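Straight from TrEMBL, the features:
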DOMAIN    36-407  domain 'Glycoside hydrolase family 42 N-terminal'
BINDING   133, 171, 338  substrate binding site
ACT_SITE  172  active site, proton donor
ACT_SITE  330  active site, nucleophile
DOMAIN    419-619  domain 'Beta-galactosidase trimerisation'
DOMAIN    628-680  domain 'Beta-galactosidase C-terminal'
Ligand code: GLA
């Protein structure tokens, strides 16, 4: 982020929130290291060994009790806290801090037996049963009452416990199932619509219900979007996506309000899944409710560029956290159990992954989980202590990582530097991928990921920011597939160009307003003036088709009939019926410029466009390094720069930097061994 003070929290309680966050980081010295701890799966002698091993590895933080409800309250109203008391006491004695869970992520069997109405219902009316986890609806009044109950009981019991540093609310809210269609969900959706629109006339106007006679006479007539003979009202679908994200935030906030009553000073968080795979939750909205942003990230083992996807997730998490340090709450030491083929991480990959997250703003490196389970569906998921025990590669790497993190303590609290912003908008993700659009091939993330990758390969760190974010300090701003945008956010982006930034907008951006109603008068209505163009008609390409461009490259997925209205054409389509029609344009505006891209360029062309944009905006990598080296810089409040260099290649690589490498404890000699990481405290 360009400046630490850039974002002000809009949370009403922001002073208290800041104090709680400060308290968290102060309570755990240096970077936090640990993972999910599930002691209820193990006997007491193993608990004793656990503490010894945690100390060997340098563990200083654990998430405890995430799936413990049925062990804490085996029968309704009958509690068994003895085992957790002992665990908490032992951890406190060992100097290990606890993120104590609310235990609400898996309702106990007695509760489901007594109240089956808490179970989630799908759009098709299928009730999702117990025997797994996350089998509840966040809008179930009964579940909310019971969840608040166990949360209050836990808070009362452990409020003064010296191990308690953080509340871990529920777990990965929205994982497995994120949309709910039971009677109470429908009622909650109607109430949410009532608050959003006030009157049913306003809803009719926003939803465009003049189309296909969809007019409603009252909120009671509205349903959640379910099976229907043909395509559903798009704004109904969009509002249901907004509501569904909100319903989970609301459940989180309800539990936090219970926690606040009992422990006003203890910070609270929940673990996000901010990756390229999680579409359903608007984490920019959520972040306002969090004392600290926490994220879980798992590699897709089969992806040869999984380290770039990791960077995408970490940059998104930092954006969601407004640039502040965040917690990597979970990742894996090696293989997971839920992909088709769960291959292990390569030697050294766990350290590269962990430190890449730190390089992108994480001040905590945590794993799922501490000790690999013997039973249950996650028994083949790696952990810090594997089935094979301590005479294993994983354990040795866990111990080494703990030592590296300890040596890197000075990094804690420093902020990631970036002068490049990529606009990220969950609502545009939802809206741009609704049905009945010009092309099924337009996928929201594709261009964002392609540009992020091209920047990554050049050592450029990009912040993913919400369209309403303060864009001051960004010299290069990319707005890709920003299909839906409101007037204020469109003006925010335009103002950045006027102020001097280089702004790139890609096709299918600025097309509709926040109600998914088309902005008339020529596309892209929200950005026509900024870009100095007017698009008359979309020409999406056939499946696998290409559109050649006179600059010697070709585009895929999209082309369109662009007219210049002040901009200059830098490249044009060559083929009938778009021959001579601009494919890439530039409009000088104020002290900056606004570029427009009307197709998805091939990789080489996209690289070329990125190079040109970097040159124009003056954005450069934090150092010069051989290819295959990932580069980022964090800067501490005292001005010290920490240059992170991660060598993803298979040969030693030159990095032009000097200073002390915190990991080796020696001056950095300018060469980074294959697979190694250096954290250089710049002189
Ligand atoms: C998620 C959950 C964990 C565990 C891991 C496995 O992140 O939060 O409880 O299931 O996945 O990868």
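Glycine is treated like the rest: Cβ placed from N, Cα and C.
Overlay of TrEMBL annotations on the structure.
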residue: 133; record: substrate binding site; CB count, 10 Å: 16
residue: 171; record: substrate binding site; CB count, 10 Å: 24
residue: 172; record: active site, proton donor; CB count, 10 Å: 20
residue: 330; record: active site, nucleophile; CB count, 10 Å: 21
residue: 338; record: substrate binding site; CB count, 10 Å: 10
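Under the three-state DSSP scheme, residue 338 (substrate binding site) falls in the coil class.
For the pair formed by residue 171 (substrate binding site) and the residue listed as 'active site, nucleophile', distance between Cα atoms is given as 11 Å, rounded to the nearest Å. Residue counts of the domain 'Beta-galactosidase C-terminal' (628-680) by helix, strand and coil are 0 helix, 29 strand, 24 coil (DSSP-based). For the pair formed by residue 172 (active site, proton donor) and residue 133 (substrate binding site), distance between Cα atoms is given as 11 Å, rounded to the nearest Å. Largest CA to CA distance in the substrate binding set (133, 171, 338): 17 Å, whole number. Each residue contributes its Cα atom, and for residue 330 (active site, nucleophile) and residue 133 (substrate binding site) these two points are 18 Å apart.
Sitting within 8 Å of the Cβ centre of 133, 171, 338, and not among those site residues for substrate, are the Cβ atoms of 105, 134, 172, 175, 176, 378. According to DSSP, residue 133 (substrate binding site) sits in a coil region rather than a helix or strand. Mean pLDDT across the domain 'Beta-galactosidase C-terminal' (628-680) comes to 98 in this model. DSSP assigns residue 171 (substrate binding site) to coil in the three-state reduction, outside any helix or strand.
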